[in-house]
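Q: Among the features that TrEMBL reports, compositional bias 'Polar residues' is placed at 1-24. Residues or ranges marked as region 'Disordered' in TrEMBL: 1-38. Under the heading transmembrane segment, TrEMBL lists 74-92, 128-145, 157-178, 185-203, 223-242, 311-331, 372-395, 436-457, 477-501, 529-556.
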Amino acid sequence: MIGCTVSGSEVSSRTSEYQKQSSPRGKRSPKNSPEKQIAHQSCRQCFSTKMLSSNARTRQLNGTCASSVDMELFLHYSLIPSLFVILVLSLLQRREHHRQRDDASYLLGNRFRMIIPLDFVGTFRNRWSYGVAFGAAANKVMFLFSEGYQPLQVPQWAQAFVLLIGGIEVGLSHFPFFACLSSEFRLVSSILGFSYSLIWFAVTTLHITQCPHGQFVGKYETVVFYWPSLLCLAFLLGRFLYMFVKSLRVHLGWELQTEEKPFLEVHQAEHVKQLLRKCPLQEREKSWFQIRIYEWDPYFQFPSRMIGTTVLAFICLYLFIVIEFCMFVYVRDELDVFEGELESYVASMNQTGTLTPVLLQVKELINVTKGVWVVTILPASLTCVSYLFHILACYRKQMKRLWAGDKHFLPLKFHNPSSSESVVAIARYSGWQIAYILWGYLIIHVMQSLCGLVIMYSLVLPVIHNQALEMLRGLGIGILTISIVLGLMVLQVWIAASFFLQPKMGTADKQKPLALNNRRAFHNFNYFLFFYNVLLGLGACLCRLLISCILGTWLIARIDRTILQSGCERADMGFSAWIGMLYVDHYHTNPVLVSFCHILITGHRERRLQQAIKYWYLNQSAGLMVVGEKESTIPASSLVGEQTHTELSLPHPLGWGTDQN
């Protein structure tokens with residue numbers, strides 16, 4: 001407890017001033033004596049002053065911590081080892097088509113090929129490793145999202161270019177994580193990836209240990225912000241260590257090297273086999289969870305892009321909620337100061353001023369708003385988390401429908417999308433999905449807070465202020481009014497079905513035919529209800545506006561469905577990106593198409609191998625062979641190497657792997 005002492009002279013002086021201002025007829029009881037009121041007021045002011053001073057002292061102590069590691073500066077310097085890793089991995093790559101040129105590039109031979117960090121279309125291996133690599137960059141993504149990247153002083157209109165440079169820098173600094181995971185040189189890439197991850201892990205740990213506390217959350221604020229990225233870096237360290245051990249065993253000959261990226265994935269082949277099987281006569285029973293929530297499909301796998309986007313969205317959502325809570329703590333402290341000033345003013349006016357009721361209502365509004373905002377953090381966050389899982393379920397359902405040739409769930413304008421827009425959509429989707437989730441959380445939180453305020457002022461506060469009867473009376477009148485309006489609308493439908501429609505044509509018909517009956521009564525019915533429906537339409541219009549606002553704000557984070565009306569779907573850029581991404585995945589990962597191309601490539605390789613073996617037997621005595629119509633002096637002993645090179649240089653039927661460097 002914080003003690004408070006008030007001097008007797010101060011109390012006596014305030015008492016005399018208070019008695020001079022009071023009415024001579026007013027007799028006070030000992031309970032409400034001016035001495036006790038003034039002493040209580042002084043103690044309350046002293047208590048609030050000491051509390052604010054202690055909070056300021058805590059912030060000052062937390063703010064005095066100066067870490068020797070500047071994470072923003074380290075982001076710039078991390079480009080040096082990043083470029084070194086990229087250069088080493090690029091030099092290890094071999095170009096399939098090498099051309100002799102006159103410049104100095106001939107010194108590299110067929111070395112130095114462009115590396116890719118991640119195949120955003122057809123990668124199904126190491127999905128969670130790629131997702132964790134995205135999670136390691138969550139703090140930097142939030143840094144860009146808050147527009148905190150300002151290395152240059154540029155005009156307002158050039159901020160987009162600065163953010164573009166910042167995005168490229170963040171991507172380049174985290175490029176080695178993905179490049180080392182996807183490189184085919186497992187031994188070298190595991191060493192480079194482990195070293196680079198260890199640098200980031202050590203610097204992040206040093207930054208956390210030197211300044212674990214902060215100015216808003218207080219204790220362990222830095223830990224709260226950086227533990228997801230630190231956990232992702234620890235996972236990457238373990239992953240690269242596992243890659244090193246496994247590749248070392250393969251290099252020593254203790255294990256056989258397996259094909260890292262087959263053309264036809266196992267789940268795609270199993271999906272095609274399932275299509276060729278006969279449908280069972282009786283389907284197995286499904287549980288409530290499988291019917292209502294989610295049913296596991298062993299023949300479907302989400303690509304690495306979807307897994308990485310989901311993991312990064314989860315971590316960014318967590319960081320966004322923490323940042324929002326820090327802002328709430330700051331605003332709450334400022335409101336506490338303002339509330340203390342209001343209390344001082346009300347106490348100085350002895351609760352007799354003209355503004356006292358208004359100030360008390362403002363104070364009550366502040367307290368209710370703070371409570372409602374804290375309470376709605378959980379439902380708003382759970383709503384966005386459920387959206388992330390639901391988007392994955394919708395992706396699987398819509399992809400299967402596209403594979404089956406069903407496009408009826410799409411608007412007509414998206415049945416034949418532009419190819420260029422679809423290619424751009426595959427690059428936009430991941431970033432836009434995360435941004436939609438973050439902004440959607442904030443909008444949903446505000447909307448739920450407003451709904452909470454309505455509930456508090458309409459149901460809870462009247463009970464607290466002993467106005468429960470008035471509240472119930474008003475609630476009953478409102479419910480009765482709405483019930484009468486809805487009853488009249490239902491009555492119109494019942495009258496139309498009973499008197500103004502001809503009877504059913506057959507006993508099996510579910511409803512009466514759309515054929516008028518009793519036309520004279522029908523026209524009178526329409527005439528007299530015309531004027532009433534004008535007033536009813538006003539309420540229906542307001543109800544339409546209210547429902548549109550609620551559904552629009554509630555579904556703003558859902559990028560997989562549009563919130564615009566039919567015919568205006570193209571104006572929804574997020575939904576357009578979703579549709580374009582679906583079409584790219586549909587055209588490049590359709591199991592039937594991939595299986596067909598796999599059969600063609602396999603048959604082509606077998607024919608080339610049989611032809612090569614035939615020529616080898618014919619030219620075995622001479623030690624030479626003829627490939628096609630051209631003669632070449634290739635020794636027979638190099639046949640296997642030539643065949644391997646031939647298989648690797650085959651063009652892909654879909655255009656994959658035809659990188660002309």
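Cβ atoms are placed via backbone N, Cα and C, with glycine included.
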Q: May I ask which of the stretches 128-145, 223-242, 311-331, 436-457, 477-501 has the most CB pairs under 8 A with the transmembrane segment (372-395)?
A: 436-457
Q: Counting only pairs at least 6 apart in sequence, do the transmembrane segment (223-242) and the transmembrane segment (436-457) share 3+ Cβ pairs under 8 Å?
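A: Output no: the transmembrane segment (223-242) is apart from the transmembrane segment (436-457).
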Q: Which residues of the chain, 6 or more past the ends of the transmembrane segment (185-203), have a CB below 8 A from one of its CBs?
A: 69, 71, 74, 78, 81-82, 85, 88-89, 92, 136, 176-177, 179, 230, 233-234, 236-237, 240-241, 243-244, 246-248, 250-251
Q: Residue list, the transmembrane segment (529-556) vs rest of chain: Cβ under 8 Å, 6 or more residues beyond ends.
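A: Result: 383, 436, 439-440, 443-444, 447, 485, 488-489, 492, 563.
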Q: Checking distant contacts: for the transmembrane segment (128-145), what same-chain residues at least six beyond its ends satisfy Cβ-Cβ under 8 A?
A: 71-72, 75, 118, 163, 166-167, 170, 173-174, 177-178, 181, 200, 225-226, 228-229, 232-233, 235-236, 239, 304, 307-312, 314-316, 319-320, 323, 434-435, 438
